[in-house]
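Record features, source Swiss-Prot:
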type: BINDING; residues: R107, D144; note: substrate binding site
Amino acid sequence: MSIDSLRDSIDRLWENREGLSSATTGEARDAVEEALRLLDSGQVRVAEPKAEGGWSVNQWLKKAVLLSFRLTDSTPAPGFGPVASYDKVPLKFEGWDQARFAQGGFRVVPGAVVRRSAYIAPGVVLMPSFVNVGAYVDSGTMIDTWATVGSCAQVGKNCHISGGTGIGGVLEPLQAGPVVIEDNVFIGARSEVAEGVVVEQGSVISMGVFIGASTKIIDRATGEVLYGRVPAYSVVVPGSLPGKPLPDGTPGPSLACAVIVKRVDERTRSKTSINELLRA
């Protein structure tokens, strides 16, 4: 089936999704399974860069991921040690042997969880972390300990997603577009990027920065206020804006924001460069 035909099939199924269940068989199930297989192998992705800049979202693939939940009942599955799981989505590496992992070309540390339909490119290092359905993690990237990559999130090449970082998903609450982390981005520990925010290439997000669609991103040098996009090669730290005065005239509570303090320079690169030895 061609991609165009598959997209049309998924769109039709979406319009009639109330009639789908775990008992559904035939072409409907085959179409959803094929979409998940293509996502899992990296042949398609929920969002992809456009030649003229920016990102194009393939909404039909998001629909396919959501439809798969309607088509599947939860079943028991092996967990860690004596702890079992009970879920609708199998794990990506279920049944993999040494040859299959060698073919994949990435490293998976014990405790890393990747659900089926997420794509992991060669050269990726997964510390004990979580990668959700439909996500795309490109080559040379490290997902560090306790980091989470949300549903359908797109992470570029040679990124470092530090410990405890959260990259938001699109399925709940339902978002129009996924979070996009472009190539060569460093995200500091315990930061959060959610609600379809795009972090453009080469940027450095400091520890403890929280950016959602409504977060003000302020360029300290120009005063420009941005929403939903961190410009390429920005260095971003947490900040706050003074709040409006309260009715009695006393200062109001300050509001969190993200501040672009400078553009990436050689000093910044020396502190955030990736270690090729860890990816060999």
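Every residue, even glycine, has its Cβ placed from backbone N, Cα and C.
Long-range Cβ proximity for R107 (substrate binding site), meaning a same-chain Cβ under 8 A and a gap of 6 or more residues, is found for V124, V125, L126. Every protein chain considered, the tally of other Cβ atoms within 10 Å of the Cβ of D144 (substrate binding site) stands at 19. Look at D144 (substrate binding site): DSSP puts it in coil.
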